[in-house]
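Over in TrEMBL, the protein carries these features:
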ACT_SITE  A:76  active site, charge relay system
ACT_SITE  A:152  active site, charge relay system
ACT_SITE  A:176  active site, acyl-ester intermediate
DOMAIN    A:24-464  domain 'Amidase'
């Protein structure tokens with residue numbers, strides 16, 4: 001058994017009993033990275049020297065009060081880390097060696113003393129569903145490196161699945177935590193919009209972005225969210241709502257839980273294999289005393305179009321800050337200011353980023369604003385209302401995280417719309433702002449993981465975690481490991 | 001709503017401060033056209049009496065006192081700049 005097969009709680013005990021040291025944990029991380037990351041490409045920047053120094057420091061002064069004491073973690077490369085290069089996997093920020101400050105989630109984490117192992121690969125500026133939009137070598141799926149790990153938090157999911165770190169942080173705008181978690185067979189939580197501060201997260205679509213944890217178990221996930229959640233005066237959109245102890249919600253009791261299963265989430269487009277695993281999961285819930293009924297989210301088929309208009313519009317505004325003046329890479333081929341903006345941006349941004357900036361600029365431009373942007377905002381209301389209505393009668397919504405298991409590298413890169421359609425089951429959750437988790441629920445015939453998505457009411461992550469945990473504990477999918485570099 | 005034209009693509013690229021080659025204009029015209037066409041399915045829905053959602057939470061006008069506080073120094077602010085001179089960001093000429 002490898003060290004990262006234990007939960008954070010179990011490792012805490014081992015540290016306390018002096019069976020292991022923090023340095024052992026950090027060694028485990030870097031050894032594993034050396035062993036498999038040449039194939040997986042989960043990391044963009046390693047924090048090795050600092051991590052080893054910090055581990056030594058932690059070993060010299062035990063602090064039982066810190067809930068993530070000595071636990072190796074990876075951070076998605078769109079989260080600001082003081083003194084540590086932050087690129088968003090974009091050539092535009094290739095030279096961004098020091099963001100000068102820590103994101104609020106990093107400040108909150110540091111109080112609980114995990115060890116930051118490094119920064120994780122992603123689709124450039126979090127735009128993508130496969131990691132193939134990384135401007136560096138894209139991450140591969142540890143279960144089978146011919147397949148994509150999902151995106152945009154592909155590095156965050158792959159690093160945990162491959163046993164390189166025990167937890168990671170990702171960000172989710174339209175499924176970017178849950179979809180890669182499903183593809184890589186790990187647990188990924190997108191909290192309620194406003195639950196976690198976005199201060200220091202490089203903004204993609206500000207009304208949709210949320211930071212969340214990726215872990216091997218639901219318990220570890222709840223433990224990390226407990227640390228990073230909460231109101232922050234540096235983020236005016238963070239909610240001033242009390243953060244419960246999520247780990248205390250893991251009661252293993254779902255008797256009487258009312259589950260809604262949207263028929264649209266099991267419709268054509270969802271592979272028979274995925275459907276079968278979701279039906280099996282529902283049987284597990286029945287055996288645990290929960291009940292489920294079919295419901296409808298009638299507007300969910302409009303979610304992808306709504307999402308691409310809104311997220312691209314917000315992105316076109318947010319990415320205006322990348323002008324080559326204050327940070328980032330500046331084109332050397334410009335002779336006046338406007339030319340410098342244009343050339344720096346065109347040389348620094350990849351194809352998908354430019355496409356979305358163009359779509360968003362178009363949707364916000366004079367004469368088209370009402371027809372596209374405002375229309376999409378109105379449809380967003382309808383999608384949100386669908387969820388509100390279901391949650392009047394049910395505790396959680398359950399379905400697949402993705403229509404299919406991971407697809408092959410290169411399979412969907414030719415047509416943006418085919419790639420976008422992959423997010424049809426995760427996008428509505430962001431539009432409604434509700435929390436959603438993906439937990440492993442089995443494997444395809446080809447041995448690729450399949451994810452079960454559980455969606456809850458606003459600020460009711462506790463019920464989402466309780467539902468996810470009960471399923472996890474009744475099954476053994478989360479104990480399976482990819483065979484890359486030998487099972488770890 | 002008509003397809004997007006090459007001229008529109010060039011105009012939008014200018015608004016977005018992106019330099020595009022002729023080849024990119026061709027490609028973007030096709031791709032954006034397809035995406036916009038796809039997005040027009042939203043017109044199937046009657047939204048005349050629907051309020052737009054800009055934000056899912058009921059938070060409005062979050063105010064704070066306007067007080068100076070410590071943040072990064074001038075030196076730090078310039079640390080990542082591609083070009084700087086005399087404690088300021090340096091850029092190509094703005095006036096023709």
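From the backbone N, Cα and C atoms, a Cβ is placed for every residue, glycine too.
Curation does not apply to TrEMBL; its annotations are automatic.
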Taking all protein chains shown into account, the Cβ-based neighbour count within 10 Å for residue A:176 (active site, acyl-ester intermediate) is 36
According to DSSP, collapsed to three classes, what secondary structure does the residue listed as 'active site, acyl-ester intermediate' have?
coil
How would DSSP class residue A:76 (active site, charge relay system) in three states?
strand
Over the span of the domain 'Amidase' (A:24-464), how high is the average pLDDT in this prediction?
96
